[in-house]
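What follows is a single structure, written as structure tokens, with notes after it.
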Amino acid sequence: MTTAAVRPKLRRRSQRAAWDEEPSFVGKFVKAAFLICYAAAIVLPIWAVVATSFASEAALQQAGGNLLLIPTEVSTQAYREILGGGALTNSLLLTVLLTAGGTALSMILTIGAAYGLSRPGSLAHRPLLMLVLFTFLFGPGMYPSYLVVQKLGLLDTYWSLILPMALNAFNLIVLRSFFMNSVPAELIDAAKMDGAGEFRILFKVVLPMSKAILAVIALFYAVGYWNMYFQAVLYTPGLETQPIQVVLQRMLMSTQGMPGADIGQYQAAEAAPTAALKMAVVVCTIVPIVIMYPFIQKHFTKAIITGAIKG
Amino acid sequence: MTALQTSAPPASGRAGGRPDFKRKRTVKQRLRHDWPLLLMTAPALAQLAVFFYWPSSWNIIAFMDYSPYRGFWENPFVGFAWFERLFSDPYFVPALLNTLKFSALNLVFLFPLSIALALIMHSVVSTKVRSVFQSIVYLPYFFSWVLVVTIFVQVLGADGLASNWLLGFGGDRLDIMSDPGTFTFLAWLQWAWKDAGWGMIIFLAALASINPSLYEAAAVDGAGRWRRMWHITIPGIRPVIVLLLILHIGNILTVGFEQYQLQREAVGYQTTEVLDTFVYYRAILTSQYSFGTAAGLFKGVIGLILILVANNVAHRLGEQGIYQKS
């Protein structure tokens, strides 16, 4: 893309340009119908999940299934069960901690390397950058990664859910591009003239100018930790308190009646989870994402452009 | 992908503005000057060394008959024996074919869906409609596969919402979620539901960067809506399409693990086995070190070759690709 092409300005005027002819009625209708159907295919299932999580047992019986669109009788029983202590509460707390700790560590690694490799002409920055970029081209494979975690003695520890995925090279490169292209070099040079060290420049000049993109990258990391499932299956199958996604999967399997499904010990004594309880867990895994999302969504495009096109 | 390009031009571009004497300093002097930068980079490099380069070097056991109970160098080298065994394995080739099938489906039907969505979105004039719609369709991208599969089971599963409606109208239960015959389509549908909306973001950005005066000039010259799309819009987003195509091709053997592992019990391994689940179920769970490593290495090397070849082809066709020849 040429530099002229990079204008992160998605919004046009809410008005059709003078030269643009009005589309036909049929064209408009088809377009509107398509967009509405598409949005409904996303919104309706989510709504049904939320509605079911608040439905009482009786309302569910009446609806005759495991999902309903309008709860005839509202109950917060499922949420009281999740938050009332016990295995589900522990799992949620664990996931919150993993997400917070993991994101913090990831941001430290990413910011440090992105800035450290962004200064032109610094010692060895090019070969070091190549080391980072090579990770785009090749994957070490699942088994060797597993062996390394095993050798380090991290199997069945929570560290194995953070350390192996603490750095995402793509995020690093996006942030580095931002530091190089969107933070004026004059500001950094001026700070240097004033005798500021690199750490001071990073914290006082560069980071305050990069809040939006830092928020997006932190969101990506946080979502990655929050949604972690595969790593837990691979690295920590023996732990008693599992990340929430694993618990959700077990609950789902336990009522699907699937042969060989691992129901888990967490509710051996209890009955199979009710539909409302399952859906309440689903809601709990969605809510943090939905809360964070509007604040950060407006910066997505900018981050993506910085990463993919501008570079 | 970015910096493969950035590394060359901007670095030299800016370094050009710096005084020349800086380039002639010794390594020791530069170290004294740059140590804070290296210190900042060190934790990330340590992470890469331990969790990328160390496991990468472990791939050597794909050429050994490795056993953890021997000293490392006491393991005999066996050449390509494990790779030969891979291709005679009754589960590997089907897993490879499944992987290619899911990958191809995504390339052929998901990728264009994102482009089509972006084109439709771009033609919507009202900014309000656009921003609401974007907020909705980006959201599922942030859901985990566990969540997506759960939602699909609840809506389309045998006890799900759709099934219930059908029963209410006197029909039969749906069992498409556990039918191997429909799984391929459902896997695609799940993927589309989750990612197609997000996929459009990059095309939208590319569309927004097309100079509107091009459209105006074409319209004045009498080009209609479709001609303008063909001659201005499509060429305008072509570099982005090529870039994503290369990345897709490089990832052709990577379709993920979770989506298939999660539905393995319900649908059966024959339909859901892909390379990653193959390594997990047929090697890690049975502690076949060298065999599993060989399968992963096969995947890694094919991916590496494909991405280099695709990028080379893109260069020959006059596209920018993901990195430039330097």
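Glycine is no exception: its Cβ is also placed from the backbone N, Cα and C atoms.
Quick caveat, the model's predicted, so the values are computed rather than measured.
Among the features that TrEMBL reports, region 'Disordered' is placed at B:1-26.
Annotation source TrEMBL lists transmembrane segment at B:35-54 (among others).
Positions annotated as domain 'ABC transmembrane type-1' by TrEMBL: B:96-310.
Residues or ranges marked as transmembrane segment by TrEMBL: B:104-125 (among others).
Residues or ranges marked as transmembrane segment by TrEMBL: B:137-157 (among others).
Annotation comment: TrEMBL describes B:196-215 (among others) as transmembrane segment.
According to TrEMBL, the feature transmembrane segment maps to B:236-257 (among others).
What TrEMBL records for B:289-310 (among others) is transmembrane segment.
Ranking B:104-125, B:196-215, B:236-257 by CB pairs under 8 A with the transmembrane segment (B:137-157) puts B:196-215 at the top. Only residues 6 or more beyond the boundaries of the transmembrane segment (B:236-257), in the same chain, are considered here, and those with a CB under 8 A from a CB of the stretch are 1, 96, 99-100, 102-103, 106-107, 111, 115, 118, 145, 202-203, 206-207, 209-210, 214, 274-277, 280, 299, 302-304, 306-307, 310-311, 314, 317, 319-322. Among residues of the same chain six or more beyond the transmembrane segment (B:196-215), those with a C-beta under 8 A of the stretch's C-beta atoms are 110-111, 113-115, 117-119, 121-122, 134, 136-141, 228, 232-233, 236-237, 239-241, 244.
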